[in-house]
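Below is one structure, written out as structure tokens; comments come after it.
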Amino acid sequence: MGRPLTEVKYLLINSAPVILGYALQNSLQTSSVIVTGRLGPSELSVAAFAYMFAMSTGWLIALGGTTAFDTLGSNLWGAGKKQELGILLQTGFIVLSILYLPICLVWWYSKPILIFLHQTPELAEASQKFLRYLIPGGLGYVCFELLKKFLQTQEITRAGSYILLVTSPLNVALNFLLVHYYGLGLKGAPLATGLSYWLSFILLTQYAKYVKGAEAWNGWNKRCLENFGPFVKLSLLGIVMVGTEWWAFEIVALVAGKLGAVPLAAQSVIMTTDQLLNTIPFGLGIITSNRVAYYLGAGLPDNASLTAKVAAIVGVAVGSVIMITMIAVRNIYGRIFTNDPDVIQLVALVMPLVAAFQISDSLNGTMGGALRGTGRQKVGAIVNITAYYLFALPLGIYLAFHGKGLVGLWIGQVIALSIVGILELKIVMATDWISQSRKAISRFGDSSELTALLN
């Protein structure tokens, strides 16, 4: 039992600061929306909608594209190729900056896209202006996330949280200064938040340089321009893997808006809650991915297999705790957000459905992490597309407009996450770990090194 307990301890201890970090990262936007909301309800709507659009597009480059580093970076670290990790970081900066360029165009010309999505011309116009001011800061978000992955790969999991504990309150102050004190209004919010992202990145570089993490950096190297292929491929597949789930939830939000004011308000409460809770399986998934990829790169397939199994058990346990808690507070939870009795009642009605998929969502997080650790982002993307877009979304939308309303939409989401969780669990448990270790080592090592490690 010693080895499994060691893995349980490792996952829990190292995922905790990662989860905290993502919660703080989300708070940068949340606090910006709250500060902007003091201008009025229309400004609140614009800020909330623009950040939602940013999350569904630009932030996918950061949170989906950097999954390539989870795989390749941890393989290198496991194989003891520390200096190669710094070169991979340089490759990541170049690749993700290039991938961010189309996002800049989408944000700059977002008005027709938003009108196509049936948003009002006024909201589309104001959101486009907001997003244009967010473009410079968005690259800071991408760079910060990539540098965090560079440190997490070296098992330095707390650095990002330390930095965000500093920049989160500064972000509130910056938003207040630019939005209200200097009178920039809606323009001030994206500028302030963008400054916070760049400040977070700069402070994290100083942490890596002067505190911990510099041993894997040996200066800029022209080799970072070589062999873009694996990083580009895994980045794009990671974006699709993460994006297909996020887009499905955004589609649910758009459909909920057509069901009326009360369902839309209840959906806003539920989505805000789910986004916060999702940081838990997402954080567990990152540590699982790093651990699995590390063992595969080190030629320890049995350890990688054990980590995946332990991660599945931890995911089920964590999901169960969240599920029980949500069911217990369902009748009073809506009061945190509103005094409207109809909204509170609808939140209480839908909460058991949201609670029902917490175990599946936790499995999705941990098993998705295991898949990324083996470099199989493509498999995760296919599973997500099949579950959400071929089954769950069509069913949920049909039920929503045939008497079930918001409950129908969330029935679809429960089915989707159940399919994803079960399929990914089966795929990971059926993995040929020796074969995956061979692939991991062969990405960066020669055949003699491969034979020596696996023997």
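Just so you know, glycine gets a Cβ as well, placed from its N, Cα and C.
Under the heading transmembrane segment, Swiss-Prot lists 4-24 (among others), citing sequence analysis as support.
The annotation transmembrane segment is assigned in Swiss-Prot to 44-64 (among others) on the grounds of sequence analysis. Listed by sequence, the residues of this chain that lie at least six past the ends of the transmembrane segment (44-64) yet keep a Cβ under 8 A from its Cβ atoms are 29, 32-33, 36-37, 96, 99-100, 103, 106-107, 110, 114, 119, 123, 126-127, 130-131, 134, 138, 141-142, 144-146, 186, 189-190, 235, 238-243, 246-247, 250, 253.
Through the fold, the transmembrane segment (87-107) approaches residues 54, 57-58, 61-62, 65-66, 68-69, 72-73, 76, 113, 128, 131-132, 134-135, 138-139, 142-143, 146-147, 149-150, 216-217, 220-221, 223-225, 227-228, 231-232, 235-236, 239 of its own chain, all at least 6 residues removed from its boundaries and within a Cβ separation under 8 Å. Residues annotated as transmembrane segment in Swiss-Prot, with sequence analysis given as evidence: 87-107 (among others).
Positions annotated as transmembrane segment by Swiss-Prot: 159-179 (among others). With a cut-off of 8 Å between Cβ atoms, the residues of this chain six or more beyond the transmembrane segment (159-179) that come close are 17-18, 20-21, 24-25, 27-28, 31-32, 35-36, 38-39, 144, 148, 151-152, 185-189, 191-193, 195-196, 199-200, 203-204, 207-208, 211-213.
The annotation transmembrane segment is assigned in Swiss-Prot to 184-204 (among others) on the grounds of sequence analysis. Packing against the transmembrane segment (184-204) from elsewhere in the chain are residues 28-29, 32-33, 35-36, 39, 43, 46-47, 50, 126, 129-131, 133-134, 136-138, 140-141, 143-144, 147-148, 151, 159-160, 163-164, 166-167, 170-171, 174-175, 177-178: each is 6 or more residues past its ends and has a CB under 8 Å from a CB in it.
Taken from Swiss-Prot, the feature transmembrane segment applies to 236-256 (among others). Long-range contacts of the transmembrane segment (236-256) within the same chain: residues 52, 55-56, 60-61, 63-68, 99, 117-118, 263-264, 266-268, 271, 274, 364, 368, 372, 377-378, 380-381, 384-385, 388-389, 392-393, 396-397, 400, 406, 409-410, 412-413, 416, 420, each at least 6 residues beyond the stretch ends and with a Cβ under 8 Å from a Cβ of the stretch.
Counting same-chain residues at least six beyond the ends of the transmembrane segment (280-300), those with a Cβ under 8 angstroms from any Cβ of the stretch are 7, 10-11, 14-16, 18-19, 21-22, 67, 70-80, 152-153, 155, 157, 307-308, 311, 314-315, 318-319, 322, 361-362, 364-366, 368-370, 372-375, 433, 436-437, 439-441, 444, 450, 452-454. Taken from Swiss-Prot, the feature transmembrane segment applies to 280-300 (among others), supported by sequence analysis.
Annotation comment: Swiss-Prot describes 309-329 (among others) as transmembrane segment.
What Swiss-Prot lists as transmembrane segment is 343-363 (among others).
Sequence annotations record features per position, and here Swiss-Prot assigns transmembrane segment to 381-401 (among others).
For 405-425 (among others), the entry in Swiss-Prot reads transmembrane segment. Below 8 angstroms of C-beta separation, residues 245, 248-249, 252, 255-256, 259, 263, 266-267, 270, 312, 346, 349-350, 353-354, 356-357, 359-364, 367-368, 370-371, 380, 383-384, 386-388, 391-399 of the same chain, each at least six residues beyond the ends of the transmembrane segment (405-425), sit close to that stretch.
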Same-chain residues at least 6 beyond the ends of the transmembrane segment (4-24) with a Cβ under 8 Å from one of its Cβ atoms are 148, 152, 155, 157-158, 160-161, 164-165, 168, 276, 279-280, 282-284, 286-288, 291, 306-307, 309-311, 313-314
